[in-house]
């Protein structure tokens with residue numbers, strides 16, 4: 001068999017294949033002009049601008065890692081407004097009566113008796129050493145010399161009053177107590193010539209010295225107990241012995 005008859009057939013096959021590749025390239029470049037031949041791809045251009053943010057996605061599922069430690073407590077916030085008052089609770093049951101042992105009352109009575117005995121002993125000691133007692137009055141002096149206003153303040157400080165004899169026995173007790181002339185709780189400061197006690201009551205007992213009261217110098221509004229037990233009016237600004245009386 002001769003090889004030459006098949007040579008045309010081979011050439012025809014090569015031409016057909018080349019035509020097929022040309023058609024394929026042209027089909028891919030339909031927008032290119034017919035005069036421009038197909039070629040290899042060009043170099044990539046610069047990146048374009050970022051696009052706008054998309055919409056927020058849904059919350060994802062919790063991660064699978066371990067949970068972190070709890071953070072430190074935050075600062076205390078401002079106090080809130082007081083809440084409304086609650087409803088009253090139910091009334092409680094009546095309690096059992098208290099117990100008071102007999103020994104408590106007897107002990108209190110014995111303590112009172114002991115205190116009274118001690119007070120009586122102190123009064124007797126004071127009467128013997130510093131003062132004089134007549135009836136329900138106790139007269140006491142600290143031996144100080146002062147003005148009438150200071151005598152009043154001193155006696156008030158000890159819840160007492162300036163000594164004021166209501167009868168001869170009390171006047172004698174004060175006289176026996178003092179070694180110096182002493183103020184009495186009697187004045188006529190409000191009404192001249194009308195002597196009253198410090199509560200404003202008129203006197204029911206007096207023991208004026210002869211010629212007294214005479215208001216010599218026009219300012220003798222206080223009363224002085226002399227060493228002989230009689231009275232004399234003197235200025236309240238003068239200084240004399242302080243004597244106080246205590247009710248007992």
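Including glycine, each Cβ sits where the backbone N, Cα and C put it.
The annotation signal peptide is assigned in Swiss-Prot to 1-20. Look at Swiss-Prot and you will find 43-111 tagged as region 'Disordered'. The 4-hydroxyproline annotation in Swiss-Prot covers 47, 73, 79, 82, 88. If you look up Swiss-Prot, you'll see 112-130 marked as coiled coil, on the strength of similarity to another entry. Taken from Swiss-Prot, the feature domain 'C-type lectin' covers 134-245. Under the heading disulfide bond, Swiss-Prot lists 155-244, 222-236.
Structure with Swiss-Prot features highlighted.
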residue : record           : DSSP (3 states)
47      : 4-hydroxyproline : coil
73      : 4-hydroxyproline : coil
79      : 4-hydroxyproline : coil
88      : 4-hydroxyproline : coil
155     : disulfide bond   : helix
222     : disulfide bond   : strand
236     : disulfide bond   : coil
244     : disulfide bond   : strand
Cα distance (Å, whole number) from residue 155 (disulfide bond) to residue 82 (4-hydroxyproline): 55
Other C-beta atoms that fall within 10 angstroms of the C-beta of residue 47 (4-hydroxyproline): 6
Pairwise Cα distance for residue 155 (disulfide bond)/residue 79 (4-hydroxyproline) [Å, integer]: 57
Entry from the disulfide-bonded residues list 155, 222, 236, 244 having the most other CB atoms no farther than 10 A: 222
Neighbour count (Cβ, 10 Å) for residue 82 (4-hydroxyproline): 6
Separation of alpha carbons, residue 79 (4-hydroxyproline) and residue 73 (4-hydroxyproline) (Å): 17
Residue from 79, 88, 222, 236, 244 whose C-alpha is spatially nearest that of residue 47 (4-hydroxyproline), among the recorded positions: 79
Residue from 222, 236, 244 whose C-alpha is spatially nearest that of residue 88 (4-hydroxyproline), among the disulfide-bonded residues: 244
